[in-house]
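Quick look at what Swiss-Prot annotates:
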BINDING   14-15, 34-35, 42-43, 47-49, V174, 327-333  FAD binding site
BINDING   R302, R329  substrate binding site
Amino acid sequence: MKRHYEAVVIGGGIIGSAIAYYLAKENKNTALFESGTMGGRTTSAAAGMLGAHAECEERDAFFDFAMHSQRLYKGLGEELYALSGVDIRQHNGGMFKLAFSEEDVLQLRQMDDLDSVSWYSKEEVLEKEPYASGDIFGASFIQDDVHVEPYFVCKAYVKAAKMLGAEIFEHTPVLHVERDGEALFIKTPSGDVWANHVVVASGVWSGMFFKQLGLNNAFLPVKGECLSVWNDDIPLTKTLYHDHCYIVPRKSGRLVVGATMKPGDWSETPDLGGLESVMKKAKTMLPAIQNMKVDRFWAGLRPGTKDGKPYIGRHPEDSRILFAAGHFRNGILLAPATGALISDLIMNKEVNQDWLHAFRIDRKEAVQI
């Protein structure tokens, strides 16, 4: 371990890994610290949907940022594979966002003018996915809302960053960050280092660092419970989505089903009630799923914020300190754009001011400092 880095990134989930990669691309002397294994917690628990249209209901700066990040994924797989040899396992079948009522139809058809979104009648949906529920009224087909396997995206980011010169430290928690003259002091069990810039990207566990650095931004854990089943019986090529529940087909033959939303629950173990509610919604979309064999089940902690948007940007009083945390349900989707934005800020490049304003650390909608 060196004594000094140009940039230290705290948190080895998909957000921190993406930041380390984009900084390494800029030839920044970068270190990435993770208390456990890279991508081992919230990132591995995610289904990996790149659902800009599914998750973002308002056409604001957040939606624009999500669409930008979704577009970045189009060339990302090849770029990372060339450096890391890791396949991010992108599945390009698209998504059916299902309607089960006239109210659903009216809401979904507000997206008709968007690129890559098409309305399908009930008959057209069932022609494409014959095992979807016969109770649907139709669906919006979203061609660009594809999915990846998050653990492998994170792994690819980490290996690619390392190939470009970043130093990676697993099982090395950052204990403390403080301002020390012209440099920033970072304390770890393996030794102390200094950095010109520090980026906090520790998901729901970022609150400790906000507090150490004089900020009161709160993070709320929102537990999500998922399961996977083996699908040996029916064809399913597209993600099915309704009422914040999804069924995602994997190339392995598994279907990933999720997810609950339990605010304030720090437990990373699913409970029977949560799994039951997920399966109830899944059977509504795909009745045949009730006969499939269970593969496994798990839970993860989404990093929630007061207004549901992430913190991405500089410390309001110290431009050397940056934050990228609080991505809630959208960490996988937003990772490329977040990594590039943080890198651009550190490199003093021109950035989109609407995004900076929407995600600024001191926005009144989210926190009082």
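Glycine is no exception: its Cβ is also placed from the backbone N, Cα and C atoms.
Feature map: annotations from Swiss-Prot on the structure.
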residue	record	Cβ within 10 Å
I14	FAD binding site	34
S35	FAD binding site	20
A47	FAD binding site	24
V174	FAD binding site	24
R302	substrate binding site	25
R329	FAD binding site	22
I332	FAD binding site	27
(message) Measuring Cα to Cα, how many Å separate R302 (substrate binding site) from A47 (FAD binding site)?
(response) 12
(request) Look up R302 (substrate binding site) in the DSSP assignment and report helix, strand or coil. (result) strand
